[in-house]
Amino acid sequence: MAYTVILPAAGSGKRMGAEHNKLFIELKNIPVLIHTLRVFERDPQCAHIVLAVKKDEQSYIEQLLLQYSIQKVAAITEGGAERQHSVYAGLKASPSKEVVLVHDAARPFIHQDVIHRLVQAAEKFGAAVAAVRAKDTMKKVQNGIIQETVERESLWIIQTPQAFQYNILEKAERMAELESFLGTDEAMLVERQGEKVHIVESTYDNVKVTTQEDLLFGEVILNKRKQEEQ
Ligand SMILES: Nc1ccn([C@@H]2O[C@H](COP(=O)(O)OP(=O)(O)OP(=O)(O)O)[C@@H](O)[C@H]2O)c(=O)n1
Ligand SMILES: C[C@](O)(CO)[C@H](O)COP(=O)(O)O
């Protein structure tokens with residue numbers, strides 16, 4: 001089934017400590033943003049891409065789209081102060097009212113197979129997110145003291161893409177805005193509307209480029225994939 005992907009790309013990259021948007025940092029001489037865009041540009045099931053960007057970065061991003069022949073961007077909208085605001089702005093600009101994916105532009109290593117399983121799950125169940133099982137023990141801590149160990153067997157690390165039937169995500173975003181609720185992912189907003197969100201198992205190399213170390217991981221991931229292609 002065809003889908004539209006919303007790519008929030010309007011962050012400040014504080015944890016990266018870069019002078020400019022971390023999405024412009026190059027991995028193997030290609031900007032992180034382009035690596036991510038190429039995944040969807042090359043996916044026949046992706047009908048449209050919607051970008052949410054910082055106003056003062058829009059013309060530079062438009063130049064990148066031309067330079068790298070990215071054709072599927074149907075809309076570029078202005079992002080907001082929080083990731084959630086950027087996603088909602090992107091949703092409002094979406095040309096499609098069917099299955100919509102939200103994917104961090106900072107996650108360039110997503111596999112097409114995971115995307116397709118997410119689209120199928122969203123079509124069938126209404127909402128689904130990419131995730132991997134927790135490998136470390138997780139604990140709740142207050143004032144530097146462990147309060148509770150969370151049983152690991154049922155713990156998953158949630159990623160993006162997060163896939164939804166349009167009307168489910170639209171209502172969740174609209175209600176969150178009305179109630180001034182801020183979540184760290186779209187699933188939170190959908191869950192609070194009583195919807196069931198399904199898990200689609202993803203891969204551990206679906207890294208979000210957040211801190212300097214992730215750039216090292218990214219180089220290794222790209223080198224490994226290049227070797228596998230040979
Ligand atoms: N107001 C915001 C904040 C984030 N994002 C985007 O959401 C994705 C995930 O956010 P994150 O990795 O946290 O990026 P930043 O917010 O830039 O990072 P930091 O929190 O370190 O500043 C990124 O593609 C980022 O560009 C966005 O579109 N609008
Ligand atoms: C949406 C997300 O990628 C799921 O893990 C994550 O919550 C984004 O967090 P960020 O701090 O906005 O990068």
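Positions of Cβ are set from backbone N, Cα and C atoms, glycine also.
Because TrEMBL annotations are produced automatically, they should be read as predictions rather than curated entries.
Feature annotation from TrEMBL assigns site 'Transition state stabilizer' to Arg15, Lys22. Marked as site 'Positions MEP for the nucleophilic attack' by TrEMBL: Arg152, Lys208.
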Give the number of CB atoms, excluding that of Lys22 (site 'Transition state stabilizer') itself, located within 10 Å of its CB. 24
My understanding is the cutoff is Cβ-Cβ under 8 Å with a sequence separation of 6 or more in the same chain; which residues meet that for Lys208 (site 'Positions MEP for the nucleophilic attack')? Asp104, Ala106, Arg107, Gln159, Thr160, Asp214
Within 10 Å of the Cβ of Arg152 (site 'Positions MEP for the nucleophilic attack'), how many other Cβ atoms can be counted across all chains shown? 12
How big is the gap, in Å, between the Cα of Arg152 (site 'Positions MEP for the nucleophilic attack') and that of Lys22 (site 'Transition state stabilizer'), rounded to a whole number? 32
Reported as an integer number of Å, what is the Cα distance between Lys22 (site 'Transition state stabilizer') and Arg15 (site 'Transition state stabilizer')? 10
Please report the number of other Cβ atoms within 10 Å of the Cβ of Arg15 (site 'Transition state stabilizer'). 13
